[in-house]
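Sharing a structure here in structure tokens format.
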Amino acid sequence: KVEEVLTDGRRIITFRNGTKKEISADKRTTTISFFNGDVKKIMPDQRVIYYYADAQTTHTAYPDGLEVLQFPNNQIEKHYPDGTQEIVFPDHTVKRLYSDGFKETFFPDGTVVKVEKNGDKIVVFSNGQKEVHTAQFKRREYPDGTVKTVYCNGRQETKYSTGRVQIKDEEGNIILDKK
């Protein structure tokens, strides 16, 4: 290895394989430039920033355990010490994955999707409509109070805001229409 001390106080160490390590004059910042193009920076606040040249991806590790990945397509992932992950997609959709298995996704149009660890899903649309999906049924709730439920056996039940109830069997035949 070759070590240089520059007039401004920086030290540069060059290794045989081409890797270079630069230490700032105040010894608080270290930059390692690897022969494959990767760059690792250790900052004064103890952040470690690693740039993967081939993947064009930056991984920042914070002293509190937070890790942030930035991808070339502008996707950003945050991995929190408690196991929670947050992904911000290029279209600004945000997905949060919690360590207990709960997931929620926020779409740019205002739609929110929440998925329980048992697989039950709730979709709240920006127009005020809401869908609930379970293993037993799918239900759509409308802003006017109308609720339409389709059961896994194909039976449909619609309760209108007027109080009217309509039930159809699995073939779509009306078996009850109470006004």
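Keep in mind that glycine also has a Cβ here, set from the backbone N, Cα and C atoms.
According to TrEMBL, the feature domain 'Centromere protein J C-terminal' maps to 1-23, 63-95, 100-133, 138-165.
Describe the structural context of each listed feature in the structure shown, including burial, neighbouring residues and relevant distances.
The list of residues near the domain 'Centromere protein J C-terminal' (1-23) in space but at least 6 beyond its ends in sequence, with Cβ under 8 angstroms from a Cβ of it, reads 29-35.
The average pLDDT the prediction assigns to the domain 'Centromere protein J C-terminal' (63-95) is 97.
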Mind checking which residues of the chain, 6+ beyond the ends of the domain 'Centromere protein J C-terminal' (63-95), have their Cβ under 8 Å from one of its Cβ atoms?
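Counting only partners 6 or more residues beyond its ends, the domain 'Centromere protein J C-terminal' (63-95) has Cβ contacts under 8 Å with 45-47, 55-57, 103-108.
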